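Asker: According to TrEMBL:
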TRANSMEM  25-48  transmembrane segment
TRANSMEM  106-126  transmembrane segment
TRANSMEM  147-169  transmembrane segment
TRANSMEM  175-195  transmembrane segment
TRANSMEM  207-230  transmembrane segment
TRANSMEM  269-288  transmembrane segment
TRANSMEM  294-312  transmembrane segment
TRANSMEM  324-343  transmembrane segment
TRANSMEM  387-405  transmembrane segment
Amino acid sequence: MAAKSAKPPRKLEKSRHNYCRNPKLAFALCLILADAILVALIVAYVPYTKIDWDAYMSQVSGFLGGERDYSKLQGDTGPLVYPAGFLYIYSAIQHVTGGEVYPAQILFGVLYIINLGIVLFIYVKTDALPFWSFCLLSLSKRVHSIFVLRLFNDCFAMTLLHAALALVLLRRWNLGLIIFSFAVSIKMNILLYAPPLLLLMLKAMDIGGVITALAGAALVQILLALPFIVSHPFEYISKAFNLGRVFIHFWSVNFKFVPEPIFVSKQFAVLLLITHVILLAVFAHYKWCKYEGGLLSFINSWFLSIKLRFPNNKSSFKLLKEEHVVTTMFVGNFIGILCARSLHYQFYSWYFFSLPYLLWRTPFPTLLRLVLFAGIEFCWNVYPSNMYSSISLLSLHLILLWGLWCGPAEHPYVHSEASDRKQN
């Protein structure tokens, strides 16, 4: 018995040893070091670009001064339009940096490296790309600028999102949902990941697990917003979660070729929303739930499993493959990017770190993948955007979406011999 009980630790130690010797991990560590040097050089020698920092500090100062009416928290770019988590994050930044730009740049440089490390962990964990493709994650001029020269809140939101995804890969669903909710509290674009995440939760957990995880995420939103909900609930909800906000046509990177009267119209917004929902449903039915017989069949079997388990009151969890989790999350977000009415320059960070992974989910040859990557990067560095750059970006997005549609669907579940015997 003693000999048998000693085997698992040796096996675990051996697997850890093999993981540490993974050449992709070693390459990722070298890439992090090289990019850290690059970030330090950018902070030291490239002039800071003043955009939203002063507005952020004005909004935070009003909050720290005791203002709890969201309609009165304003900066030089207008009223505050982000949920409460934004205020807590930037209040902490103001406290640490004194509101000065240079120390904030150093802080965001560290944040960039942390985010890169988390993304590389996701890539190594899925083991779906060649190691040299990791270099693409460090080749974006625009993304480096977003982090250390503009200091946008998108950086914190996406870092937390990637951390939540990493926790899901480690099967820490409840903690992952809490971190996901924190990310939503900084910027609402994180909700683009919500539909694929919900589908993955339904695959991995029973009704009790799903409710528990969603309750934890909801509790985070309530606690963060409590000072504003108690005093001015309508102002908070209408400003922090304004889904009907119309962006300025001039700053659109993706639909600059659309005439402004159409761009700002409600009909155009509804059309994009309908397209978004249809694409999500089609991918869910034919790709993400292919091995369950389609989306409707999966939902039906899920409700049937609830009825069968309810008398026993037993919770169950299914192990999802890392590749299936990441593909579903990244493709679901990319569909939202494709259908967004307006992408501003900082919004590139919403999906850039998933681009190499998405490109390698297509059946395209490597040369075409690299051309698509370079083309998308080029379009995001055209300033100001114009009709040709926005048409080009939309075309490249559509080609990538077509490649994702043509790519093979991953088997979603991890099947062990023991579980197969049990099911038989």
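Note that Cβ sites are derived from N, Cα and C of the backbone, with glycine treated the same way.
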Asker: Applying the under-8 angstroms CB criterion, which one of 25-48, 147-169, 269-288, 324-343 scores highest with the transmembrane segment (387-405)?
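Answerer: By the under-8 Å Cβ criterion, the transmembrane segment (387-405) pairs most with 324-343.
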Asker: For the transmembrane segment (324-343) against the transmembrane segment (25-48), do we get 3 or more Cβ-Cβ pairs below 8 Å once near-sequence pairs (under 6 apart) are dropped?
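Answerer: Checked: the transmembrane segment (324-343) vs the transmembrane segment (25-48), no contact.
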Asker: When you scan the chain for residues with a C-beta under 8 Å from the transmembrane segment (25-48), skipping those not six or more beyond its ends, what do you find?
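Answerer: For the transmembrane segment (25-48), the far contacts come to 19, 101-102, 105-106, 109, 112-113, 116-117, 120-121, 123-124, 131-132, 134-135, 137-138, 144, 147-149.
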